[in-house]
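For 31-49, 61-79, 122-142, 154-179, 191-214, 226-247, 300-320, 332-358, 370-392, 519-538, 624-647, 653-678 (among others), the entry in TrEMBL reads transmembrane segment. Here TrEMBL flags 737-802 as domain 'DEP'.
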């Protein structure tokens, strides 16, 4: 098999530069060079776009070249040269099953969570989570790591690419065509089918994929020299062009990665960089893809690293072609590309450390130290949160959602104290009284925190679908379930499970009883993960249905409201699913008639709680973000639990997942602290925090010229605007908006003001509008919400002072 794999690797690598893996260098040194090369080209593309060296029209031309000529040529040449008889088909089957599982799961969730469903949007999300940048970034990374030890692994990239290109992506193309035809005038079934078939067949990527497979059969793995001479040149141009294009696409997208706009990209990136690698790894292990245990372990590690490769730029080409979610996908690709670099490097370092001979004893010692550090920080965060929830005049623990959050924090505090005790125990593993104390604290705290996560999700669901009294009555049953079931499981394990010496090798506070405890943890995690995810999906559906009904009611009772004003809405959690028609979601600052025609005083009092700090605020958005992060923690925990059940020998990926699981499991309180611990509505404590924050920001506040230093032109602009335009402008563009989980009343973006100035004819260009806005800010007519920025044509938030 080794000779055949060597032949396969040689035959597939002829059209790729080979300097990525110099024989005298270490794998991590090669990885450094590959990372620098890839992200250096991306940076060049970004600078070219930022400084105007490449216009949007020129970028579109490069986009056409990459998507229509370079990438299809590279795919054709790669597939036409393959010798399919030398392929490990069981390994490819494992990758296919893993990618299909993730693809259809994301597709189904995207279709279910939004009504009316948008098949094109769901298809884009599914493609994003499964299509990797195999050639531009993947090949140099894999070749740098495995060029000397497993040269055939880089060649496998050409075999795994068709899984997306020829199997999964065509399903996405069909859904994209269906979504496109839905919004067009032609709605007949025959025309839609014809358009879908035409769009799929004429897709150059899919077309050349099919031709590559056919050419492989016709040419017997040897492409004619005349054809190869042309296609190889085009294929070799793909890597640099694609990376350069990706960098140019980042221009104007990075500043949009803020606040709630991060949630959907964050979920997609988590699925791509965490879920997909783990699913691929487990699929390879379960199918036993290698000829022996060692080969299966190596392939599972390779599969994990392959899953961390970022999403391919070709997806952005699809968004431009179908004019669908362009900014969202572009922002997600920017973040995914840069987040993948440290993940790939850390994974490679851990893998090489294990291959170099790190012993289980060294691994256990480092895990012990890391667990202790995380638990100390977690205990401090828990103490702070309990103080915040209990005192300073707000008593958050008595609110319907915070009751569950309060219990989760207590469970995390118990687990943190248990880990601190565990880290100081004798490593011999004797069952002393102190051992039982720490085991009960850790295991009960961890299991209870998972159950209370599901309880928070259920609370949010029933708050959207049922009455408050129903939720309060239901929560009476949460306490015996949330504390009783974990404690009962711990008692059973303590009294029935005996510890075997071999299970002490991989010392982990989460699995002190070995595989038995791993099985119990898997059961808890699977149940809580399904309940939490299901409740979140249903909560979004019920909340959207409620918003739609409320909007229809308000629209029927609102008179003299224009269509344009009706489209103005609040940027809230519902914007995470980007509705086709923006419906008003929450109220705004206006007490007597709202310019967007959909606000009432009771809406204002209810939805501006974060600003006013009322005692009845359930902080739905904060809890939604909290649950999404805890879902990631549960998925990592489930992966390490399954790995403990089936692992026979310490592997690099297992070691990496163990550290990640400790961080996300015992660090749940740190996540809660980031979301709830700095809440500005914490009464006296909140006021003190606000003063500290303002004092810290005072050094960064924008220094404006004094009144006497203002020019006559600026004063004239202020007087004219205050006298003739202020009220009309405020009524048109001011609204409530969320930014970084905080609600601002009566604010607008710089772009909103510039659009209004152009619309009413006060200025003739956007450059003049920026100068006009700067004059208004310098003359104190308006100001930035934090007082730290001047006026810009961006999504920065401003408010009127008068």
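The backbone N, Cα and C atoms fix where each Cβ goes, and this holds for glycine too.
DSSP places the residues of the domain 'DEP' (737-802) in helix, strand and coil in these numbers: 24 helix, 18 strand, 24 coil. A contact between the transmembrane segment (226-247) and the transmembrane segment (370-392) is absent, since fewer than 3 of their C-beta pairs, 6 or more residues apart, lie under 8 Å.
With a cut-off of 8 Å between Cβ atoms, the residues of this chain six or more beyond the transmembrane segment (519-538) that come close are 109, 112-113, 446-447, 450-451, 453-454, 456-458, 460-461, 465, 486, 489, 493, 510-511, 624, 627-628, 630-631, 634-635, 637-638, 641-642, 645. Proximity of distant same-chain residues to the transmembrane segment (61-79), defined by a Cβ-Cβ separation under 8 Å and at least 6 residues beyond the stretch ends, is recorded for 12, 15, 54, 135, 158, 161-162, 165, 204-205, 207-209, 211-213, 215-216, 223, 228, 230-232, 234-238, 241-242, 244-245, 248, 313-314, 317, 320. Tertiary neighbourhood of the transmembrane segment (300-320): same-chain residues 60, 63, 66-67, 71, 91, 94-95, 98, 124, 127-129, 131-134, 136-138, 141-142, 145-146, 150, 153, 156-157, 160, 172, 176, 205, 242-243, 245-246, 249, 272-273, 276-281, 283-285, 289, 326, 329-330, 332-333, 336-337, 339-340, 343-344, 347-348, 351, 651-653, selected by CB-CB distance under 8 Å and a gap of 6+ residues from either end. Long-range Cβ contacts of the transmembrane segment (370-392) within its own chain (Cβ-Cβ under 8 Å, at least 6 residues beyond either end) map to 402, 405-406, 409-410, 412-413, 415-417, 419-420, 422-423, 509, 659, 662-663, 666-670, 672-673, 676-677, 679, 682-686.
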